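*Asks:* Can you keep this structure in mind? I'll have questions shortly.
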Amino acid sequence: MTILTHTLGFPRVGLRRELKKAQESYWAGNSTREALLAVGRELRARHWEQQKQAGIDLLPVGDFAWYDHVLTTSLLLGNVPARHQNNDGSVDIDTLFRIGRGRAPTGEPAAAAEMTKWFNTNYHYIVPEFSKGQQFRLTWTQLLEEVDEALALGHKIKPVLLGPVTYLWLGKVKGEPFDRLTLLKDILPVYQHVLAELAKRGIEWVQIDEPALVLELPQAWLDAFKPAYDALAGQVKLLLTTYFEGVTPNLDTIIALPVQGLHVDLIHGKDDVAELHQRLPVDWLLSAGLINGRNVWRADLTEKYAQINAIVGKRALWVASSCSLLHSPIDLSVETRLDTEVKSWFAFALQKCGELALLRDALNSGETAALEEWSAPIQARRHSRRVHNAAVEKRLAAITAQDSQRENPYEVRAEAQRARFKLPAWPTTTIGSFPQTTEIRGLRLDFKKGNLDANNYRTGIAEHIKQAIIEQERLGLDVLVHGEAERNDMVEYFGEHLDGFVFTQNGWVQSYGSRCVKPPVVIGDISRPAPITVEWAKYAQSLTDKPVKGMLTGPVTILCWSFPREDVTRETIAKQIALALRDEVADLEAAGIGIIQIDEPALREGLPLRRSDWDAYLEWGVEAFRINAAVAKDETQIHTHMCYCEFNDIMDSIAALDADVITIETSRSDMELLESFEAFDYPNEIGPGVYDIHSPNVPSVEWIEALLKKAAQRIPAQRLWVNPDCGLKTRGWPETRAALANMVKAAHNLRQAK
């Protein structure tokens, strides 16, 4: 039985972020829909050919998305919220963009659908909305069109579909409450239709993704898989695909399904290959996810060979990435600034395809010399001086319980802070960043390229900070920010100023829609050689009598939004970052900054997928935040910010952070998230986001007032702040001014109504 290679998906955006640029040009009205569609076709063709040339036998088709693959599935099923529908009931690419962004070049603007994290990754999806009695039909044939494209190019392919049970699991009920699982019978005919169309095209295998099978699902959801897959069986071979965790706890459910193969993530799960081989039906194909799709490290192929070789020849076997390569940068070969040693430690998406080909060839032939040669740099890295810092390791070992305790409880601190800042009721602020204009990006780029000297660069940044302060004072905001003109990204900026990180030139990965990030890579022990944010915070504070927040990204978020080391625990990395940023808090305080925000938007996304593993993670995640913050004096107000979060199941840990103020993203959920804080009787101050910064729509004063009144029904008004959902980096100044003016007006109206 010959072993084949395949990937579960490939990065969509293009090496130079071509998709992002085409999307944003189209949204701005600067290019046509036909031009956008042409870029998509070009990228798909390029990526299929690149994977094929790298040694992939079965190419994924259907992994491309114009915004995200869950939203693509919603359109496939005809699941379009009424507010986003075309008048004639048709579905087009602008329908998709209205759901994701709230507006598109055609159609009426409407509130964007909710967005949240894809399992425990830094990728996002648009949450499907379900209503009682909803009807589904095949309305969006993107998958079938792309299959036709790939077949016309002569490729051997494997279409990719998000499975029906996981799709329902990922959604939310809107309107009258009901059990969304009852809709399963209604969406299955659409899946049957799609599979029939694929069978007509001669497709042998379809990858059907059911990552919900790695979760601790309620029994009713587990029971739903059998009738669902009974309905889907018989038209094509189905590769039931899971990732991000192991499947062993749900294996009894899986082996009862009428599918022909199973993909397992052997990187992030604890599944034993021998046990899987023993328990799976003998005629099933096993797809072994041996290459990490979520990191940038070169694989130890000798280790992977040993892990799987015992079952070679005993059942049909494919080797694959652990998950979609969407979460990895595209191509290491274009990284010209990484030094030779560090570069030899990495593998990006195309190199991971090459790793799969090397592994396939060795498993088919029994010849392992090429694997040993490939794996040699990994052995060298374990002993590199760039990895280990004795001073950092000593400081980490010396942490005590006192290092994570503020001097006094919140009630005492709040009195000191009220006396210091004398803020009005309903205090207004923003989350941190202001629009990253063409001028700001050009300034940073010129400096990075050496076209601008340090003095002129600093003068330019200072001017943008000054303008941000002027804008905020004109708007009447109560607590200001410096706007972060000097920062390219909230994680990358800190990584650039901390030892232990390296950076890529083109290591872009998709976050959501057209938003791409370039995560830093943790290659060694982390320390802070010098202050990072103090100079600009101090300068901004010198321009105004109002308080200016110091802005830090928290340790867990820096960890989650970086590519971490694989040779130490995540806890170790987080606490090393916390110690480095603890020194930054002390320096900001000494410079006269009285309010310091430590953003932890990723705290919840870092949760293990299985609830039974949560406690250990939350214990060290909370401790890392507290180590970071606890050096602050009582009169220094510590803020934190979180987004895309469901809080009700981690409220104990949110409270344990002991931040004086927490700002959260709530507008897309219509203040629904505040239920968690109300039920828990959260004791500290809260700033529920009053408008969605991911949409260019400007909220009205009345809309914001209504949300704040709804918030005040759950949280005492004296503990409420008024702020947007998130930072304003991706917005333009006209809409930012208009939205903030309405926000400030709404706060003033509520003060007068007291």
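Backbone N, Cα and C define each Cβ position, glycine as well.
Residues or ranges marked as active site, proton donor by Swiss-Prot: HIS694. Sequence annotations record features per position, and here Swiss-Prot assigns 5-methyltetrahydropteroyltri-L-glutamate binding site to ARG17, GLU18, LEU19, LYS20, LYS117, ARG515, CYS516, TRP561, GLU605. Annotation source Swiss-Prot lists L-homocysteine binding site at ILE431, GLY432, SER433, GLU484, ASP599. What Swiss-Prot lists as L-methionine binding site is ILE431, GLY432, SER433, GLU484, ASP599, and the listing cites sequence analysis. Per Swiss-Prot, Zn(2+) binding site is recorded for HIS641, CYS643, GLU665, CYS726.
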*Asks:* Taking the Cβ of LYS117 (5-methyltetrahydropteroyltri-L-glutamate binding site) as the centre, how many other Cβ atoms fall within a 10 Å radius?
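*Replies:* By my count, 22.
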*Asks:* What kind of secondary structure is LEU19 (5-methyltetrahydropteroyltri-L-glutamate binding site) part of, going by DSSP in three states?
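*Replies:* DSSP assigns LEU19 (5-methyltetrahydropteroyltri-L-glutamate binding site) to helix.
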*Asks:* In sequence order, what residues of the same chain, 6+ apart, have a Cβ less than 8 Å from the Cβ of GLU484 (L-homocysteine binding site)?
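*Replies:* When sequence neighbours closer than 6 are ignored, GLU484 (L-homocysteine binding site) has GLY432, SER433, PHE434, MET490, TYR493, MET551, GLY727, LYS729 within Cβ distance under 8 Å.
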*Asks:* Using the structure shown, find which entry in GLY432, CYS516, HIS694 (the recorded positions) has the sparsest Cβ neighbourhood within 10 Å.
*Replies:* CYS516
*Asks:* Applying a 10 Å Cβ distance cut-off over all chains shown, what neighbour count does ARG17 (5-methyltetrahydropteroyltri-L-glutamate binding site) have?
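*Replies:* ARG17 (5-methyltetrahydropteroyltri-L-glutamate binding site) is surrounded by 17 other Cβ atoms within 10 Å.
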*Asks:* Considering Cα atoms only, can you say which of LEU19, GLU605, HIS641, CYS643, GLU665 is the nearest neighbour of ASP599 (L-homocysteine binding site) among these binding-site residues?
*Replies:* HIS641
*Asks:* Using the alpha carbons only, what distance in Å do you get between HIS694 (active site, proton donor) and LYS117 (5-methyltetrahydropteroyltri-L-glutamate binding site) once rounded?
*Replies:* 14
*Asks:* On the three-state reduction of DSSP, what should I expect for LYS117 (5-methyltetrahydropteroyltri-L-glutamate binding site)?
*Replies:* strand
*Asks:* Closest to GLU605 (5-methyltetrahydropteroyltri-L-glutamate binding site): which of the binding-site residues ILE431, HIS641, CYS643, GLU665, CYS726, going by Cα position?
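*Replies:* For GLU605 (5-methyltetrahydropteroyltri-L-glutamate binding site), the closest Cα among ILE431, HIS641, CYS643, GLU665, CYS726 is found at CYS643.
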*Asks:* Suppose the L-homocysteine site is ILE431, GLY432, SER433, GLU484, ASP599. Which further residues of the same chain have a Cβ inside 8 angstroms of that site's Cβ centroid?
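*Replies:* Everything else in range on the chain: THR430, VAL481, MET490, MET551, GLN597, HIS641, CYS726, GLY727, LYS729.
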*Asks:* Nearest to HIS641 (Zn(2+) binding site) by Cα distance: which of the binding-site residues ARG17, ILE431, CYS516 is it?
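*Replies:* Checked the binding-site residues ARG17, ILE431, CYS516; minimum Cα distance to HIS641 (Zn(2+) binding site) goes to ILE431.
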